[in-house]
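One structure is given below, encoded as structure tokens.
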Amino acid sequence: MASLKKSLFLVLFLGFVSLSICEEEKRENEGNENEEEDENHEEGSEEKRGLLDLAKHVIGIASKLGKRSEEKRYHPFGKRSEEKRYHPFGKRSEEKRYPPIGK
């Protein structure tokens, strides 16, 4: 009876040891798979980020072109600012024509 208990104890002990070793290997494999998934996810996010930047750039260009065509429709010769209305040749040319007195 004592030898039966010892052999049963030995079998159970070896079974638990082998089971714990298998569980450790599974955890390591899952850890490696998670790391690989994280790396793939990072690469995918970098690609998405690049595509988003490209999309933003294209949308920005398209909006500028839309604004430009709208400005041409309402102002075919360009907008005239207040300065251009009162100084059609620009302030610089006026300063050249009339040099300041006293300097």
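Residue numbering: from 1, along the chain as shown.
Every residue gets a Cβ built from N, Cα and C, even glycine.
Taken from Swiss-Prot, the feature compositional bias 'Acidic residues' covers 31-41. What Swiss-Prot records for L65 is leucine amide. The phenylalanine amide annotation in Swiss-Prot covers F77, F89. Per Swiss-Prot, isoleucine amide is recorded for I101, and the stated evidence type is experimental evidence. Marked as region 'Disordered' by Swiss-Prot: 24-50, 67-103. As annotated by Swiss-Prot, signal peptide applies to 1-22.
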Query raised in the report: What Cα-Cα separation, expressed in whole Å, is found between L65 (leucine amide) and I101 (isoleucine amide)?
Result: 47
Report summary line: Minimal Cβ count within 10 Å, across the modified residues L65, I101, points to I101
**Report entry** For the compositional bias 'Acidic residues' (31-41), residues assigned helix / strand / coil by DSSP
**Finding:** 11 helix, 0 strand, 0 coil
